[in-house]
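Remarks on the structure that follows.
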């Protein structure tokens, strides 16, 4: 299996990187892990056209050039709402520094509506001609109707082809429009982000502090050199107590989330490119963070948010099943295209890492409250470890396309001499669910038995949220640098000790006893 980073010129030692075409296929299998209670209560699969549409085209490409293939899936984007609120949408695109082209979207939408009307008119005329031919007719009159029907059919074929082309073009342009933004989000770049909470104080040391790279070397916890030879730069081996620390962090984070009602999952770490796109990530482009697999429509995940988001793809959930809360462990893979400088040293920015991710699907009126719940969980977890950190309400230009609002947690890292991001929590409203096709059917409060068929309540899109419970490498950075001792040892915070076989301190080998 050869891995490619889509459309970057980056070469990562032994990893061969190249551009590949994008293919889309229908997802035919679902992840259904064992758990003592049903994971997907009363979920009903939707047989929408978007769910069953398959790729019609594939193309070969070299490592030097690529062919852009249009997406073979359709997002349920509300283009009428975009047209009716074009001023607000335009301001939002500007505030988020997005490259979406609203004018092209609106122009294509108007063309689409015009062609749709013409198609409907011709279909009505064709039906009228067909009805006339059912009666008794003179041969000349019948022949005249046959010719008229033939002409109408030819016109319809041409218009329907135009309609299909316009629909694809509108989808492609429309998918670049970012989510709307919470009114309280500060405007501007990352520097405009607002501190919403400050927890603890920086650790004080009576000795010269070391960064995690030096600590890891002294304690024999990492091997970056061997990993660079085996895999390339920004890879690493964990050794000795660092291995136990990673496993302890993962089990601690999953355990804490389960206490708060989250269902544990492990996920596939290879997913279809279409699922990556539906979650709002770009598997192609100059600065993509996604590794794609050569000669396939698959990618390595950059976060468990992607496979967890896809687990209910093309589903209609019952309202009583919501909220669905998951905590997922996975390995993550990111190209880190464009990343450079001292801030990327050691474990801080790497190509492969373990992560525990929380994910919620809920009713639209509940997403704001669950967003607050997610950031509160993160704050509780990091406070319990004794970290000094700040929580930020991230500014508009720092939001990814799916995020309506995003809170980041930055921990003080004394060895690096700065705050470093270790977690984020995002409310994506219905941006992802419109692309993934995840709806729920509201239940009538006025009736004991839910209505079915034509009388059933119309479905609505769920809201999705995600938050990092534990990104292992940066947690290790934070732990080593904040709890280092003058003799070179590192104290393990008390909440982690039960998950590490009772280990309380990592000592240099010369003072193990």
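Cβ coordinates come from backbone N, Cα and C, glycine included.
A quick note: this is a predicted structure, and the numbers were derived from the prediction, not measured.
Listed features, source TrEMBL:
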{"type": "COILED", "residues": "105-176", "note": "coiled coil"}
{"type": "DOMAIN", "residues": "259-493", "note": "domain 'Aminoacyl-transfer RNA synthetases class-II family profile'"}
{"type": "BINDING", "residues": "334, 335, 336, 350, 351, 352, 353, 421, 422, 423, 424", "note": "ATP binding site"}
{"type": "SITE", "residues": "468", "note": "site 'Important for serine binding'"}
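Long-range Cβ contacts of residue 422 (ATP binding site) within its own chain (separation 6+, distance under 8 Å): 382, 389, 409, 410, 411, 468, 471, 474, 475, 478. Least packed by the Cβ count within 10 Å, out of the binding-site residues 334, 351, is 334.
Taking a C-beta cut-off of under 8 angstroms and a sequence separation of 6 or more, residue 353 (ATP binding site) has the following same-chain neighbours: 331, 332, 471, 472, 473. With the fewest other Cβ atoms inside 10 Å of its Cβ, the least crowded of the recorded positions 424, 468 in this structure is 424. When the Cα positions of 334, 335, 336, 350, 351, 352, 353, 421, 422, 423, 424 are compared pair by pair, the longest gap among these ATP-binding residues is 19 Å.
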